[in-house]
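Asker: Reproduced below are the annotations present in Swiss-Prot:
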- D460, D466, E469, E470: Mg(2+) binding site (BINDING)
- 40-154: domain 'tRNA-binding' (DOMAIN)
- 407-482: domain 'B5' (DOMAIN)
- 704-797: domain 'FDX-ACB' (DOMAIN)
Amino acid sequence: MQVSYKWLKELVPNLRATSAELEQKMSTSGIEVEGVTSPMEGLSKLVVGEILSSEDIPDTHLHITQVNVGAEESLQIVCGAPNVRVGMKVIVALVGARIADNYKIKKGKIRGVESLGMLCALDEIGIDEKINPMKHEDGIFEMPADAKVGDSIFSYLDMDDEIIELSITPNRADALSMHGAAWEVGAIYGLPVQLEKKDLVEASESAASKIAVKVETDKVPTYKIRLIEGVKIAKSPQWLQNRLMNAGVKPINNVVDVTNYVLMAFGQPLHSFDFSKFGSDEILVRQAKAGEKMTTLDHVERELDDSDIVVTANGLPVALGGVMGGADSEITDETTSVALEAALFDGTSIRKTSQKFALRSEASSRFEKGINEGTVREALDFAAAMIVELAGGKVLSGVVESNDYQPILPKVSITLSRVNSALGTDLSLETVEKIFVQLGFGVEVEGEKFTCEIPSRRWDIHIEADLVEEVARIYGYDNLPSTLPSSQNAGELTQMQKFRRTVRTGLESSGLNEVIGYSLVTPEKATEFVGQLETTTLMMPMTEDRQTLRANMIPGLLDIVNYNQNRKNADVAIYEIGNIFLPNPDDIRPIEVPNLAFAISGNVVDKSYNGQAVPVDFYYAKGIVENLLEAYKEVEFIPSNNQAAMHPGRTAVIKINGRVAGFVGQIHPATAKKYDIAETYVAGLDMQVMLEELPAQTIFTDIPKVQAVHRDIALLIDAEVTHAQIVSVIKSSRIKTLSQVELFDIYQGKNLPAGKKSMAYSLTFQPVENTMTDEEITAAVNKITKNLVEKLDIEIR
């Protein structure tokens, strides 16, 4: 936001602080000032001149001019501009002058003719092309007729102004206007604000007799139109052009410039239509139809869908609501009747449309961040009066509108003790009340309780904490005392904090590196690996990519895998421990659940001269989980073919003591392609379940004093039977001495029946006191094989 210091002083007449002092004060009061610049910076010796005579140089486009610059003698200056004429007031760069790009003007000869200066166009004195009302080929700039010859040009073009560049955060969009900035400065210094006023005179003829307004979407709370007839389109007066250029806006014509001026002053976007081009006496505001097309002011045809808001006349779109007008109804030099629009458009809808079409405008950015809902009518009336003032014509009586929307002003209460407790201060009742009055709040004091009625221009204030922040800002952050927090309790880690440290150690011992991802992601990524789920979305996100609280952490890890692999780091092993956010049926605030997730990709062992590379696979990822869950009594890996975004044949749901705790597996190839990454394996675990199911203590057992016994069994089974099923049946045989079951061979193919596979297991029996006899070993193995045959229809080979 570019704030003109001259304009600001008009709105806060008693302001005595310099721009440098203002920069420091605003920065320490909550609104960052990026810097203060002046349009005249780096320029010198630029004066008003008047062309006394002009003579063409034969066979060229050049002219020999004699220019009065207020000196005893006129200056001879050679100029090639096509619009040079006698009597014209111009910008003269004298010999020795500095113009744009630090170029120094020297005495010279052009086509053998001596030239003692330069007649300048606006771009030649540093006016950026984006805000320059003239094209370079149009020629030199003509100064106002009342400009005094010999005077410096800077005051006539307001180039002696100082521009304060504000960096406005989304929560302080109220400062995206001159009025908002004035209220802020007035509050900081305790000065009254004097906003601009204009008296609107209406004609006797009613606007409602010529036009009607209808709104068929709930995304437009109010839509207002004023009709102005008999206008004459022309250039705006120089003061208005100057003010717009200093605000970073390009002057167009008197009508369009008024709408832009009001946008900068009030923060209220307006749009002006050529009413004669409507071909209808009704404006209909609705959602666009899929496939509907319109050509916007930038003369680009755009195909719309039902998420876009359109303003239509005669059944056709004449504006992309809140974003840009249509080319078919734009103001031209022939326009005589103007339909002036002021409305409230849904910010989320505007943001989506703006991003979809890459149309970022001053209007759309303000609708996205929020505008003062209480001054829509005031801004419309001000603009109508100003158009008549500059372009003539008459304002038809009455505002034609969809409904007379008025915002409800919230009331927020706080006590003096709460303010002082939060800030560590000892402020008096009078001091805090004065601060609220300076902010323009309506204040009622009852005992030590303040009840503040918040004006519509401060839509960011809703709760007690907001009032505390306002007091801190205006009182001055630098004036707050430095205090240390006091506590009666000794510090101690919680059970979850201790558990996180244990888990972190386990993951890092498996070769994984910790990363920290964003809690805010896109709505799509928030639920990508967990299916359909209600999510929590910010009302005013900083960016579209950071608007929804994540319901899982894996998309963030995949983004990091992509980042590394794009930089030739193919082997990635990372994990994150953090919170995910799940819907809370009893509260608008989500439930925070501690989770861990990891992602691995590439090789476990790289290829070398004496061995092949060993890539990561499902079993490697599963092994990391098994190591992590080694202390748990019962851990199951159940095959899953319907886990969102995961490979249906290489994914397992993880259960701890019968409770679902997470999943592990390969991401679906389509998901990997979307993230532009190689084959990647991931896991996600609920740390709350892990902590709750963690054994209370580890029971010590003596090291066995007798030798373990090993027996191998080979099984012919259906191909669909899993290793987990087999291990579960073996353990269900309840052989007390069975200490380990290990799969050491799998075969499927030649010499085996179709649909069958062979799996070989090593069984380890560990007696505690006495060595097992052959009969005991045989009985144990037979019990296991019998159980396998009965429950899984297995053939013992």
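All positions are counted from 1 along the displayed chain.
Here the Cβ of each residue, glycine as well, is placed from N, Cα and C on the backbone.
Since this is a predicted model, take the numbers as computed values, not measurements.
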Asker: Over the domain 'FDX-ACB' (704-797), what is the model's mean pLDDT?
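Answerer: That stretch averages a pLDDT of 90.
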Asker: So for D466 (Mg(2+) binding site), how many other CB atoms are inside 10 Å of its CB?
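Answerer: Counting Cβ neighbours of D466 (Mg(2+) binding site) within 10 Å gives 17.
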Asker: Using DSSP, how many residues in the domain 'B5' (407-482) fall into helix, strand and coil?
Answerer: 33 helix, 15 strand, 28 coil
Asker: Beyond the listed site residues D460, D466, E469, E470, identify every same-chain residue whose Cβ lies within 8 Å of the center of their Cβ atoms for the Mg(2+) site.
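Answerer: Residues close to the Mg(2+) site, other than D460, D466, E469, E470: R458, I461, A465, L467, V468, R473.
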Asker: Can you tell me how the residues of the domain 'tRNA-binding' (40-154) break down into helix, strand and coil by DSSP?
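Answerer: Its residues divide into 10 helix, 47 strand, 58 coil.
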Asker: So how many other Cβ atoms are close to E470 (Mg(2+) binding site), meaning within 10 Å of its Cβ?
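Answerer: Here the count is 26.
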Asker: So for D460 (Mg(2+) binding site), how many other CB atoms are inside 10 Å of its CB?
Answerer: 18
Asker: Within 10 Å of the Cβ of E469 (Mg(2+) binding site), how many other Cβ atoms can be counted across all chains shown?
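Answerer: The answer is 17 other Cβ atoms.
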